[in-house]
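In TrEMBL this protein carries:
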DOMAIN    63-103  domain 'NADH-Ubiquinone oxidoreductase (complex I) chain 5 N-terminal'
DOMAIN    126-411  domain 'NADH:quinone oxidoreductase/Mrp antiporter transmembrane'
DOMAIN    605-669  domain 'MrpA C-terminal/MbhD'
DOMAIN    678-761  domain 'MrpA C-terminal/MbhE'
TRANSMEM  25-43  transmembrane segment
TRANSMEM  76-99  transmembrane segment
TRANSMEM  130-149  transmembrane segment
TRANSMEM  161-188  transmembrane segment
TRANSMEM  200-219  transmembrane segment
TRANSMEM  298-316  transmembrane segment
TRANSMEM  322-344  transmembrane segment
TRANSMEM  365-383  transmembrane segment
TRANSMEM  403-425  transmembrane segment
TRANSMEM  564-584  transmembrane segment
TRANSMEM  621-640  transmembrane segment
TRANSMEM  686-705  transmembrane segment
Amino acid sequence: MLAALLVSFLGAILARFIVSRTFPHGGWVAALLPAGLFLFFLAKGASLPEVGAITETLEWVPALGISLTLRLDGFALLFVLLITGIGTLVTIYAGAYFSHSPKEEAARFLTLILLFMTAMLGTVLSDNLIVMFVFWEATSLLSFMLIGFNSHRAQARKAALQSLIVTGGGGLALFGGILLIGITLGTFSLSEVAQRAPELLASPLAVPAMILIMLGAFTKSAQLPFHFWLPQAMEAPAPASAFLHSATMVKLGVYLLARFDLIFEGIPAFGSTLVIVGSLTMLVAAVRALSTDGFKEVLAHSTVGSLGVLVMLIGLDGDYSVTALIAFIIAHALYKAALFFCAGTTIHAVGEGRLSKIGGLARRLPMTTLAAGMAAISMAGLPPTLGFITKEYLFESQLNASSGWVVVAVAVLVNAVFAAIAGVAAIRPYYLGKTRSEIKHPETLGLYLGPLVLGGLGFLFGLAPDFLVRGLIQPANDVLVGHTVDLSFSLWHGFTPMLALSATVVAFAGGLIAYWHRIHYALSLNKGLARVLGDFGFNAAFAGLLRLAERCTRFLQNGDQHRYTSTVAAAVLLIIGYGVLASGTRPLIAMTGGRFDAPSIIVLLLMCLGAFAATRTPSLLRAMIAVGVVGFGSALIFLLNGAPDVALTQFSVEVLMVLILVALLLRVPERAASTREPREKRLDILLSAGFALVVFVALAATVALPLDGRISEFYAATSYLEAHGRNVVNVVLVDYRAIDTLGEVIVVAFAAMSVWGLLRVMPRRRAAP
């Protein structure tokens, strides 16, 4: 599996060059990578019933307990096959979608999609929580790039930034929860954490860890109050919407919550919070979907609601909810990815994304129309599709749970809205109305293959679910439940309460479809509701943060060098002063133990005179020379104390600094010294004297500390034998601390290049005539 992950990453990098060479058929060639990975993991999954889980480990940072451990069990296999299977169809679709675009654009998009697939695989396969977090953040960054792919559009840039802020902030919360778990148990292994769950729950850090992990999952899966970013992310090209924002990435939060369900089930607030948040998200998404006119946006809001359903199912008790969760993950990935494909093809063909502006496309887009109808039937939960079976299990899990009829009522209402959306998506663009514009991009095999396959699988798994149950649902169910439960799916269960609820949903959905325009018109007029349920809160908070940052910048970066220096000196005075006071009498002992000879005292007095002269002279040139006296005095002190190499370095630096600064000052016109109030001057004197005194005492206290001579002895003993150098200081700089020295050189070089670049772009002043 480690090799497969490496191949996926390298293949994604090479895809940019391969797609450019094989354009416009690069999508078919690039699809060989996810297709090969799908077959590889399918073969791996065949052995899971015998071994239970397959684990591979590569040590990464063993000192911190971080290892690249990949673990394939039944639940991970479910996500891996969805990622690679739908990823294959998305790659083919993307190649056809960008066939009329520049080949560089198609190559860049397919590279990002395949890199995203790699990050997704790493997330669901990682058994080490730190490694999982790394891949988790990689999905956020790649999602940002894909949402903002059309960077020339301001709305795309805004949506990309919004998604990055929300999911990135949630990632930080998740990282905090992971660290709390690591602190408590001393391990980051997810499988070991699950085994030691009672030990974790006994810790006072369990609840904070749970809250932080839930926050990370809620942001990723667009749960209330972070639901707004997903519909905005529809600015991404259609292939990205089908892959990231319906089938895979947004389900990562669900994946994480399902993994931690067995761990946090001993905390009652965990399940109840998930039920409440999931139910509220479902309701908000249903209202927003009814008030939206965009084809992709309607599907996006229904995706948010579906994610709410999944989160709610995790929070419900009982084994039925786990089975419903797994079945709904599969069914939703199949029909929603297919509908996003169809929406992308339709919008791509006519150049219009509003449902009220498109229609009558059944004859001009026949295969897309067929695929949309098949996917919509599954989304509506009608037989004989997997969506119908899933809905039956959904209602059965709610009826058997202890949450009461409120959750059932919410589920019926929301499922009715979803069924209505499916009807509108399948009927409105293709059978009703008429689109005046011409077909700009006709449907091709690459555009309708994916939705047809996914729509057909929804029917196939509905008619013959046993293969799906044995191969995917049963192994994943056993992992999440913690024991083996015999499962059996069938289309007909007799006349049951679940069938009655399904019939109620269909009837209610029919009424919504009949009055869709009236409901949509009434809700769209309520701008206040749209603002409250949309991203108004995020925009207000973000704008407030920018205003706060602007005020802080104006206060801190006001162009007054005197204030900058005073602020830094005051901060150092307070921090070091506190440390000096806390050290007690140690600085006094150090000062009384010092020995000074006559030459050192003379040099120190000259340095003090130089420093005093620099503060009193009104001329910048004289002040610079006086400061140079202090620097040269420091070099003499080094020389008198047996450090000629350090003294030589100090001499060189001082000569260069004085020459460079004096040369610059000679080119600067003389200005009168700024007049300052006597009170300000007194404050400056006190601050300077206090700063100097505190630094002096702190250095004296440092000298009083007992030093470990083993390090200096090691350098002295090995500098000549191992580094072949007699000058220990030079050997330390260029051998033992070579990386540090290289870093310092790079910083100086970058600073020099930055200054040089600024000087080049600065407008040259014209010489006076």
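Backbone N, Cα and C define each Cβ position, glycine as well.
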* To do: Determine which residues of the chain contact the transmembrane segment (200-219) at the Cβ level, with the cut-off under 8 Å and only residues 6 or more beyond its ends counted.
  => 136, 166-167, 169-171, 173-178, 180-181, 183-185, 193, 226, 252-254, 256-257, 260, 263-264, 266-267, 269-270, 273-274, 277, 311
* Structure fact -> With the cut-off at Cβ under 8 Å and a gap of six or more residues from its ends, the chain residues touching the domain 'NADH-Ubiquinone oxidoreductase (complex I) chain 5 N-terminal' (63-103) are 1-2, 5, 19-20, 23-28, 30-31, 33-35, 37-38, 41-42, 44-45, 48, 52-57, 109-110, 113-114, 117, 120-121, 124-128, 130-131, 182, 186-191, 237-239, 242-243, 247-248, 251, 255, 258-259, 326, 329-330, 333, 337, 341, 344-345, 348, 441, 444-447, 449-450, 453-454, 472-480
* Asked: By DSSP, how many residues in the domain 'MrpA C-terminal/MbhD' (605-669) are helix, how many strand, and how many coil?
  -> 57 helix, 0 strand, 8 coil
* Tally the residues of the domain 'MrpA C-terminal/MbhE' (678-761) by DSSP class, grouping H, G and I as helix, E and B as strand, and everything else as coil. => 74 helix, 0 strand, 10 coil
* Structure fact -> Counted with DSSP (H/G/I as helix, E/B as strand, rest coil), the domain 'NADH-Ubiquinone oxidoreductase (complex I) chain 5 N-terminal' (63-103) has 27 helix, 7 strand, 7 coil
* Summarise the model's confidence over the domain 'MrpA C-terminal/MbhD' (605-669) as a mean pLDDT value. => 81
